[in-house]
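Q: Look at TrEMBL and you will find 25-47, 59-78, 98-120, 132-150, 197-226, 238-260, 272-292 tagged as transmembrane segment. TrEMBL lists 41-292 with the feature domain 'G-protein coupled receptors family 1 profile'.
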Amino acid sequence: MSFLNHSSPSSFILTGIPGLELAHFWIAFPFCIMYFMAVLGNITVLLMVMMEQKLHLPMFYFLSMLPAIDLVLTTATIPKLLSIFWFHSHEIVFEGCVAQMFFIHGFSAVESGVLLAMAFDRYLAICRPLHYSAILTSSTIAKLLLAAVVRGLGLMTPLTCMVSSLSYCGPRVIAHSYCEHMSVVKLACGDIRPNSIYGITAATVVVGSDSILITISYMLILRAVVGLSSKEARLKSFGTCSSHICVILLFYTPGLFSFYTQRWGRSIPVHLHILMADLYLLVPAVLNPLIYGMRAEPVRERVLNL
C-alpha cells in the first residue's frame, strides 16, 4: 500500500495490533465472543430494569446507565476491529475516525461520572439511610446523570474539534486498532502540544476528581459499615460495595494504563499496549453485567424466572 501525504486526509489506515498481524485472524474469535457476550449481557440488564417495576429505584437507574454506555463504547470499536482482523478492512474515513474518537473518550468520561454518582448513592444508602429517599428524588437522579453526560461529552468536544483542525502531512497509518486521540495526533504536522496538554489535563481532571471523591465516599462507607451492630447487615453492605469496587477497578486500572503508556510508556511493547487498550473497552462491558447486574438480587431473580 502507498500512503499519500496531504494536509486533509480523506481516511486513515488502522493497523490493528502491531507485531501480531499474523495472529489477527485467530485473535478475532475471542474478541467476537466477548463482544457477543457484552451485547447480550448489557441488553439483558437494560431490559430487566425497564420491565421490572421493583427495579425502578435510584440504584438501578444508575446501574442502567452502565450497560448503555458499554454498548456505545463496544459498538463504536469492536465491529471495526473485527473487520480489520478478519477482512483486512484497515481504512477508516477521517470523519469516522473523529467520530469514533469522540464516542470512545466522551463516553469513557461519562462512565466515570456515573461511577461517582453510584458511589454517592451507596454513601447515602449506608451512611444516611433516613435521608436517602428525600435526597435522591427522581429529579436529583436525572440531574446527576445529565451532569455526568454533559461534563463527559462537553470536555471531549473541544478535543475532537482540535484534532479536526490539525494538518496531516505525514503517513496516514495509525498504529492502533481504533482512533485513540494521541495515536491520531502524532500523525499531525506542526505543534501538537495544545492537543497533548488538553488531553492529559481533561483525563486527569475527570479521573483525578472522580477517583478522589469515590475514595472519600468509600472511606466514609467503610467507617459506617464497621460500626453496624448486625453481622448480617455488615455482610450485605460489604457485598453491595464490593461489586461496585470491582466495577471501578475494572474501569480505571486498564484505562489509566492505556492512557499514560500511550504518552510515556516507550519501554512497554507496542503490541501489549494496544492489546490492553482493546481489552479495556471490551472486558468491563463483558463483566459489568455479571459483577454488578447479576449480583443484584432483584435482577438475578428476574433472570432466573425467565
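Cβ coordinates are placed from backbone N, Cα and C, and glycine is handled just like the others.
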Q: Please work out which recorded stretch in 25-47, 59-78, 98-120, 132-150, 272-292 has the most C-beta pairs separated by under 8 angstroms from the transmembrane segment (197-226)?
A: 98-120
Q: Could you tell me what the rest of the chain brings near the transmembrane segment (272-292), counting residues at least six beyond its ends with Cβ under 8 Å?
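A: Here the qualifying positions are 16-18, 20, 31, 34-35, 37-38, 41-42, 44-45, 63, 66-67, 70-71, 73-74, 77-78, 81, 104, 175-178, 180, 243-244, 246-247, 250-251, 254-255, 257-258, 261-262, 265.
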Q: Would you kindly list the residues that approach the transmembrane segment (25-47) from elsewhere in its chain, counting only those six or more residues past its ends and only Cβ-Cβ distances under 8 Å?
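A: Distant contacts of the transmembrane segment (25-47): 17, 63-64, 66-68, 70-71, 74-75, 78-79, 81-82, 85-86, 278, 282-283, 285-286, 288-290, 293, 299, 303.
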Q: What residues elsewhere in the chain lie close to the transmembrane segment (59-78), defined as a C-beta under 8 angstroms and at least 6 residues from its ends?
A: 31, 35, 38-39, 41-43, 45-46, 49-50, 100, 103-104, 107-108, 110-111, 114, 117-118, 121-122, 125, 141, 144-145, 148, 177-178, 247, 278, 281-282, 284-285, 288-289, 292-293, 296, 298-299
